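Have a look at the structure below before the remarks.
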Amino acid sequence: MLNIGCHLSSSKGYKAMGKDAISINANTFQFFTRNPRGSKAKAMDLKDVEGLLQLMEENKFAKILAHAPYTLNPCSADERTREFAMEVLVDDLARMEYLPNNFYNFHPGNHLKQGVEVGIEYIVNSLNDVLKPDQTTTVLLETMSGKGTEIGKNFEELKQIIDGIKLSNKVGVCLDTCHVYDAGYDIVQDLDGVIQEFDRIIGLDKLYAIHLNDSKNPFASHKDRHAKIGEGYIGEEGIVRIINHPKLRHLPFFLETPNDLEGHGEEIKMLREAYRDESIL
């Protein structure tokens, strides 16, 4: 079964997101834990959360993915920005325990000309401070496009972060197809080679989720602009190869394409039709 969903608005609550997912034939979804450009998070409505959990169980949902706000930058040169990142991480991971055994994804951050090594050290220290042995949430580092001073533009940087984390069993990777293509990993012409490189450097056992996006910009552009499936440089054929790849097909896929709910439903319909049943592979 193809486990696929899209990014959904949390403005109407948790159960409403589950209902929206079901309405477009999705069996998972992604959401922001708080305003993506701000710091405030809504109070948890436990009845609403319980409603979502029940709906997920009844409809056999895959794990869902919470996304940290874009303002989170644990490797900033500014101490207050790093402190804010810590506060958000602590709060978000505590809130995620009301939605146990799911994923929490964040952008590693921008080192802002301090250098990659300094930035990675800050990220490692932050995660070592916030991760707990008894947490049920797996924290995912997102692959980045290499825009500006982003950390996570190559597999080696993500590996270095993971290697520095004491509770590394609580951490994994979310691969963004647009980001890796823009970063210079040719998933169109050499998908097998990219997967082998990921496995060699990080290990496929650390790959937990995929952001499924086409790219508005050409290969190795370091731009990070998502396109609708089939309307970018990766193309529909390239995306279909990804969801059917034997090393990836079991993972949950999350669309972040510039679409409304109906548009995401159309993409999901197309991808479900293109997904080959394992029994005929």
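One-based numbering along the chain as shown.
Glycine is treated like the rest: Cβ placed from N, Cα and C.
What Swiss-Prot records for His67, His107, Glu142 is Zn(2+) 1 binding site, and it gives sequence analysis as the kind of evidence. Positions annotated as Zn(2+) 2 binding site by Swiss-Prot, on the basis of sequence analysis: Glu142, Asp176, His211, Glu256. The annotation Zn(2+) 3 binding site is assigned in Swiss-Prot to His179, Asp224, His226.
Shown on the structure are the features that Swiss-Prot records.
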{"residue": "His67", "record": "Zn(2+) 1 binding site", "Cβ contacts under 8 Å, 6 or more apart": "His7, Gln30, Phe31, Phe32, Thr33, Pro36, Asn105, Phe106"}
{"residue": "His107", "record": "Zn(2+) 1 binding site", "Cβ contacts under 8 Å, 6 or more apart": "Ala68, Tyr70, Leu72, Glu142, Met144, Glu150, Gly152"}
{"residue": "Asp176", "record": "Zn(2+) 2 binding site", "Cβ contacts under 8 Å, 6 or more apart": "Glu142, Thr143, Met144, Ser145, Ile210, His211, Asn213, Glu256"}
{"residue": "His179", "record": "Zn(2+) 3 binding site", "Cβ contacts under 8 Å, 6 or more apart": "Glu142, Thr143, Met144, Ser145, His211, Asn213, Asp224"}
{"residue": "His226", "record": "Zn(2+) 3 binding site", "Cβ contacts under 8 Å, 6 or more apart": "Cys178, Asn213, Asp214, Ser215, Lys216, Gly232, Glu256, Thr257, Pro258"}
Task: Cβ neighbour count within 10 Å of His211 (Zn(2+) 2 binding site) - done: 25
Task: Env. residues of Zn(2+) 1 site, Cβ within 8 Å of mean position of His67, His107, Glu142 Cβ - done: Ala68, Tyr70, Asn105, Phe106, Leu140, Cys174, Asp176
Task: Of Glu142, Asp224, Glu256 (the binding-site residues), the residue whose Cβ has the fewest other Cβ atoms within 10 Å - done: Glu256
Task: Zn(2+) 3 site shell beyond His179, Asp224, His226, criterion: Cβ within 8 Å of Cβ centroid - done: Ser145, Asp176, Cys178, Asp182, Asn213, Ser215, Lys223, Arg225, Glu256
TODO: Look up His179 (Zn(2+) 3 binding site) in the DSSP assignment and reduce it to helix, strand or coil.
DONE: helix
Open item on the list: Give me the sequence-ordered set of same-chain residues, not including Glu142, Asp176, His211, Glu256, with a C-beta within 8 angstroms of the centroid of the Zn(2+) 2 site's C-beta atoms.
Closed with: Asn105, Thr143, Cys174, Leu175, Thr177, Cys178, His179, Ile210, Asn213, Phe254
